[in-house]
Amino acid sequence: MAGSGGLGGGAGCGQGAGAGPGAALRAPRAPLLLAALVLGAYCLCALPGHCPPASRVPMPAPAPAEPPCVARRPGAPVLPVASGPGRRRFPQALIVGVKKGGTRALLEFLRLHPDVRALGSEPHFFDRSLMPRTLDGQITIEKTPSYFVTLEAPRRIHSMSPDTKLIVVVRNPVTRAISDYAQTLSKTPGLPSFRALAFRHGLGPVDTAWSAVRIGLYAQHLDNWLRYFPLSHFLFVSGERLVSDPAGEVGRVQDFLGLKRVVTDKHFYFNATKGFPCLKKAQGSSRPRCLGKSKGRPHPRVPEAVVQRLRDFYQPFNRKFYQMIGQDFGWD
């Protein structure tokens, strides 16, 4: 993981009164002058005719070429590139969570904005070579939902750039857990029932060791993040409102990122078959497009008694989360 100390432009980039087009031409004279002085002193002290050929005089190694100076905005580290439009930057904003909350939908909606460049996949690592090139004024965004629940992620992101803006898409933790289970079940037929996994031995207390349950403990995960970032660096997006009012939620995100509200109601239509908003005009296309087949996947039937037990379990965690962020999502 690259720390922030290795990302800045550093002192010396364009510094000094002699900087300019002629400075690079004058720089090589110093090593040659030194070599000439050494050779002259040797010849004056040696016998006539015994002056060694210039090829035997050790020459000082040439100074390494300085890297090109790259303009950078405060809080937006960049990777210098030799050619091509734009630069690769570390992301100025991250969608850090949560899984099955609506992160993919938010990313696709934001990519409609001309000033947003986003990596389509989830790199799970801050690798500049993976980042898309951006022009001045554009924002680089990365999405990896596992960051929010990864213990080491806040420290690593803070060391990369303490000014990073953090977006968390949250959803009713009970619905989110069932959606998480549905995704796993689609890939692993024969999985035990939701009830068998959600409760110890299928009958006991809620099993917080199961990731589908643990992810929904938003207050606990946020506690870890607030050790490194102030609450003002976060925006919490409602996964439910991304479905019922996508333009409204995306508008809040655009405000948070300091972008003009370009993505509006005109970009969305509701697909009754999928039960999800779709794009009237997808990025780079003139045709409407919905998200992949995995979005809007039907959930398995879970007994109401099991759902109510989970609601009761999450209630104190939800209330603490509301208090921490000053926002009530109405899940209880």
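From the backbone N, Cα and C atoms, a Cβ is placed for every residue, glycine too.
Partner cysteine of C290, as given in TrEMBL, is C278 (from among C69, C278, disulfide bond). Neighbour counts of Cβ atoms within 10 Å were compared across the disulfide-bonded residues C278, C290; the minimum falls on C290. Counting other Cβ atoms within 10 Å of each Cβ, the lowest count among the recorded positions K100, R104 belongs to R104. Put simply, C278 (disulfide bond) is 13 Å from G102 (3'-phosphoadenylyl sulfate binding site) when counted between their Cα atoms.
The two recorded residues, C278 (disulfide bond) and R104 (3'-phosphoadenylyl sulfate binding site), have Cα atoms 12 Å apart. Listed in sequence order, K100, R171, R297, H299 are the same-chain residues at least 6 apart in sequence whose CB falls under 8 Å from the CB of S179 (3'-phosphoadenylyl sulfate binding site). The binding-site residues considered are G102, P298; of these, P298 has the fewest other C-beta atoms within 10 angstroms of its C-beta.
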